[in-house]
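Enquirer: Input: one structure, supplied below.
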Amino acid sequence: MTGMNDNNAAIPQQTPRKHALSSKVMQLFRSGSRSSRQGKASSNIQPPSNINTNVPSASKSAKFGLHTPTTATPRVVSNPSNTAGVSKPGMYMPEYYQSASPSHSSSSASLNNHIDINTSKSSSAASLTSSVSALSLSPTSAINISSKSLSPKFSHHSNSNTAITPAPTPTASNINNVNKITNTSAPICGRFLVHKDGTHEHHLKNAKRQEKLSTMIKNMVGASKLRGEAKSAVPDIIMDPKTTLKSNKNPPTLFAGFMKQVVDMDDKYPEGAPTSGALNCPERDIYRSDQKDSKNNTHNITTTKKDRQCFAEKYGRCQEVLGKGAFGVVRICQKKNVSSQDGNKSEKLYAVKEFKRRTSESAEKYSKRLTSEFCISSSLHHTNIVTTLDLFQDAKGEYCEVMEYCAGGDLFTLVVAAGKLEYMEADCFFKQLIRGVVYMHEMGVCHRDLKPENLLLTHDGVLKITDFGNSECFKMAWEKNIHLSGGVCGSSPYIAPEEYIKEEFDPRPVDIWACGVIYMAMRTGRQLWSSAEKDDPFYMNYLKGRKEKGGYEPIESLKRARCRNVIYSMLDPVPYRRINGKQILNSEWGREIKCCHNGRALK
C-alpha cells in the first residue's frame, strides 16, 4: 500500500524490512517534501537545480559566499549551527564579511561588473569609466577573491574528519562566489577572520583573479612588448594617464599611480627598458667604512661549475617568474622530496632574484652593488624582513640571490585587488611594518624604498620587507654618529619632501614618511599625492589641510583620533619633528593594535 495524497504523492509508504527510519524522521521528511512542492507550485520559474530552496535566504547567501557590505563594526556570530559561515560560538566576524540576504542573481550581476583582466577592450573601458583604478573591488569582494584558498585543493587547513553539509555544484554564474568552508578549529570566511578575544587570522593564498592581476603587473614592468599587451587590458588608464590624474578631484589610486610610472618610464626609455622602484637614484657607496673590502667580497661568491651544479640539488629548479624590474627577474624555485619533521616527503619553495647589470654600469660597480645588497639583507634577521639565504653565479655568469618564498604575494597586489583594506587588517600589516623598520634602524640600516610592492606577505599574513637595492648603512656598530644621506631615492608617491629640497638628510625619517603613506594607501586604496613637491596640488592641499581645524579629508576619514594623530606626526613635512618607529609602537594607537599570531615580532 502506498500512501498517495495531495501532499505526499511521491513518497511511498516504507516497510520496516527495507528501511529503519523512525516515524518521527519519516514525518519530518514528508513535511519537507510537502513544503518544497508547495513552493514550486507557487512560481512558474524553476530555481537552479544546484540550489537548496529550503535554506533561508541569509543562510543561503552565506553558504554560497554571496557577501554584501553593511557596517564595518565587528559583531558576534549568533548562529553556531551555520556551517556555511562561522560555525562555532564565540567567534567575531566583521559585518562587512557577512551576508545580508542578497539574491543569487543580483550578486552574480554585481560580480560581473568587476573588471576581468582577460576581457575585451570595450568591456574594460566601460568598467573603467567610474574610477582611474578599475581593478579595485569592494571589501566584501576581496573576500570572494581569496575563496579559492579555501578549496580542498589549495587549503592549508583541510581536515579529513570534516563533517559538513555538501555544497551544491557551482554553476558558471556563481563559480567565483562559492566559499568551500571546512569545519576546522578556526572556521574561515574569506581572507580575514576575527576571533571573539580580538585575535585574528589571515588566509592570503592567491586566487585566479589576483593571479591574473599579478601577471599583468609583471608584464607592465617587463619588456615593451609585454607592456603593450598588458596596457590593452586597461585602455582608459593608458589613453592619457597624466590628464586623468590631474583632472581627478581625488588623489590617484595605487594602480593609476603605478600606470603613470610605467608610461613615464616608456617616455624616458623608448626602447623598453624595464622600470624600477628607484628613480633618479645616484650611485653611492653603501658601506662607506668598508669600501676597500667590497671588491674582494666577490671572491667569496659561488663561481665554480661544481658549485653551480650543486645549486639544483640545494634549491631545486627555477620555474615561473614572480616579478620583474630594473634589477632583473625574480623566479620561484621548487625543491621536491624535502624531509619534514613528521618523516614525510614534501616540497620547499624559494625565490631567486637574478641581478642584471645596468647599461651604464661598470663591472666593478655591478659587483659592489650586488654584494652590498646581499651583505645588508643577509645580515638582517627578523620576522618582518625577508630571509636572504645565498648568493651565487648562474651558468650565464649572472649573480643570483636566494630568498625565502612568500606565498601571499605582495601588499600592492592585495590592495589593488581588494580596493582597500579595513582597519583591523591594515593595522596588523602596519604594525608589522613598523616593527621591521625599527629593527632595521637599530641595526644601522635604512631601506629608502619602502612601498607596497616591496612588502611581501606569507599565506598566513606575516609581512616581510624585501628589496634592499637602495638601502644604506647609516651607522656601523662601532660608530656613534650617523652618516647623512643624499639624493632622491624610491618611488615618487613615497619619497619624503626633504629628499627634493636638501642635499643631505637623516635617512631614518625618510622611511617613517613612506610608512605613513603606505598606511593611507592600505586604508583608502589611493596614494595621497603623486609627489611631495610644491607643484603637486594634492600635496599642497595636504599642507593646507593639516593646519586647519577640519584637517586633511583623507586622514580625517580614518575616524579614530589616536590613529589620525600618529599619521599626521608621521607625515610631518619637517623631518626632525617627525615621529620615529619606537614612538609609533609606544603610542596609544600602536599599543592597542593587535597583530595576528604569526605576525608577532620574533628576532
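Backbone N, Cα and C atoms are what each Cβ position is placed from, and that goes for glycine too.
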Enquirer: For the annotation region 'Disordered' in Swiss-Prot, which listed range does it cover: 150-171, 194-215?
Expert: 150-171
Enquirer: Can you count the other CB atoms that lie within 10 A of the CB of ASP449 (active site, proton acceptor)?
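Expert: Cβ-Cβ neighbours of ASP449 (active site, proton acceptor) within 10 Å number 26.
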Enquirer: So if I draw a 10 Å sphere around the Cβ of LEU322 (ATP binding site), how many other Cβ atoms end up inside it?
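Expert: Taking every protein chain into account, the count is 20.
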Enquirer: Which whole-number value in Å describes the distance between the Cα atoms of ASP449 (active site, proton acceptor) and LEU322 (ATP binding site)?
Expert: 19
Enquirer: Under a three-state reduction of DSSP output, how is GLY328 (ATP binding site) classified: helix, strand, or coil?
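Expert: Where GLY328 (ATP binding site) sits, the three-state DSSP reduction gives strand.
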Enquirer: Return the residues near VAL330 (ATP binding site) by Cβ distance under 8 Å, restricted to its own chain and a separation of at least 6 in sequence.
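Expert: The list for VAL330 (ATP binding site) reads VAL321, LEU322, GLY323, LYS324, ALA351, VAL352, LYS353, GLU354, given in order along the sequence.
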